[in-house]
Amino acid sequence: MSNIDEDLYIFGYGSLTWRPSEDLAKTEVSQGILNDPSFVRVWGQYSTDHRGDETTFGCVCNLLRTEELTTYFEAQTSYPPPAPPKAVPYQGASSGVLGSLYLLPAATKAKTLADLDVREKGGYEREIVSVLKIDPTDATKPLTPVSALLYRGSTTPDDVTRSRVGNFWARILYDIDYAVHTFSASVGPSGWNGDYILNLDTWLESMDKKYAHIPNLPSDSATRLLSERLRLFLLRAKEENIGVLFAYGVGNNEHEQLGIKNPDAASASPPSRPFESDNMDQIIRGLWELALPLPAYLPPVEPVMPYSPSAVPRVQLRSLQCGGSHTVLVTTGNQCYSFGSNAASQLPPSPTPHIRAAALGHAHTLLLTTSNTLLVFGSDSHGQCSPPSSLSDESTSKLAIFAGPHTSGCITTDGIAHVWGCSKYNQSGTFKHPSHPSTTFTQVALGMRHTILLDSDGAVYAIGDNRNLQLGSAGPSSSSLRLVPVPPTSSISSGWSHCIAVTKSGSMFGWGRNDHGQLGLGHVTSPSSPTLVPAPYPKTDEPLKVAECGPEYTVVTSSTGQPYGCGWNEHGTLGVGDTADRPNFTEIKVDGSVLRQGVELMGVGGAHIMIV
């Protein structure tokens, strides 16, 4: 770096091109080209100035050398593949970088550098680079090499930063669609993320015109492409009133039930194609953050900066449900959206308005409207889409709806549980409390051949097939409700043949079939009675928040929102990086970004999971 009594050039390649600090704006300003063609302007960095919030990061541009860019790609362990896809605009990039040069007088240098350090908020590296200066008075003159100070995002983040951002910014480099959705919706301390790229793109366009006579002027095709895609998406979002939802998915994506377009899928396009990527196959092996643009039906957002397009609003969910191979979302605005397999016509139209709840079975969907109407879609092979006529009546008030593989259910305001569909094992019917007529049922969980119910006192009852001890004790199948010996319970869930109860104290008991380790007991032997499940996390006194059963696996979240899974994993549903079963609860990995806040909503399907 130059001595303190010498003038100093500052080279700006990002926001300093169109928004210099107050001191820099008063200095001599010119343009220059980095005298190092290995530098590439990319959209991702490990800066804490992320233009996003704690739920969704934003990203800003950075400078990387081509060998550093290769390292970014090679750092990905599972998705995407180590080699960048052809669609990535940075592939083969080596064109130099056009930026602004500020001549910083020695008298104000110390103050301005201190201001820059605060402005950049850490996470940056400094270095002296050679820049070919364009004469500000006569651009036709030969370019003059000068030395300049460069700030760029750190390529070696500290452990704290890495733990916060994971591979988020590396992913921005190769996932164009995700990058566009991040630009569109992220708003943070530095403003709206989209302003950054649009202003830089406008500046680059003006420089292209101003210096058209300079041969080999860097064109920065990546920024131009990303900006073009962003403008198109903003226009679409405005015309179609679209918002963006950031969610996570893992597991089987054969029918695009994760909301990710599968280029190899032979099925017809689902009504919603929210996210496209050429890097996905049929199995997603780690929690993969999705950006799903959905009609938002929200009031327009005021522009973050004058004369700028506004940020796309965030879609907020009321419910997230996963079925055998399909997914249904219900927004806080009571709009329902669906995607995935529609082989049995199980997908409701997108959007379906006035929906307050959804429940999904193997190939059917139940919706409950705000006016108390029950809507059914999909396979009726076992009568699961043929509720009793009394339940179709709006006058019968329904508190909640439930779905199993081939059965459906609801609880009415009188606390009576109604189950219909497959009844071969007496698991269907109208269930009133067997012991205390004044006690109500509050929750129903439907298995393949059995039903379990939770009452308002925390007692659990079971009925139906018992060949896998899913009724909670040894003995024959039962045609009447049988009390399950578990402590006072706050929630229940059932897979095909296994059951989980979360007690009011936050512990977990499991019973039923355990051949894949779906009870999380550390072995594959089915217990003879409900058994206390070891806490899946090191802090054993931390209570569980949620426990949900898939067909032959279980997913739970701690009170801090960290998800864990156990059991059947043939389709990578547990998100542990492979397809081997797990008899112990194992932390679900995050791939491509990080789970920045704990799980708020979770949908557990046939072989896929979605989390918000």
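Backbone N, Cα and C define each Cβ position, glycine as well.
In TrEMBL this protein carries:
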type: DOMAIN; residues: 248-611; note: domain 'RCC1-like'
type: REPEAT; residues: 243-333; note: repeat 'RCC1'
type: REPEAT; residues: 334-371; note: repeat 'RCC1'
type: REPEAT; residues: 415-457; note: repeat 'RCC1'
type: REPEAT; residues: 458-505; note: repeat 'RCC1'
type: REPEAT; residues: 506-560; note: repeat 'RCC1'
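The predicted model assigns the repeat 'RCC1' (243-333) a mean pLDDT of 74. For the repeat 'RCC1' (506-560), the number of residues in each DSSP class (helix H, G, I; strand E, B; coil) is 0 helix, 19 strand, 36 coil. Residue counts for the repeat 'RCC1' (415-457) by DSSP state, with H, G and I taken as helix and E and B as strand, are 0 helix, 20 strand, 23 coil. Taking DSSP states H, G and I as helix and E and B as strand, the repeat 'RCC1' (458-505) has 0 helix, 24 strand, 24 coil.
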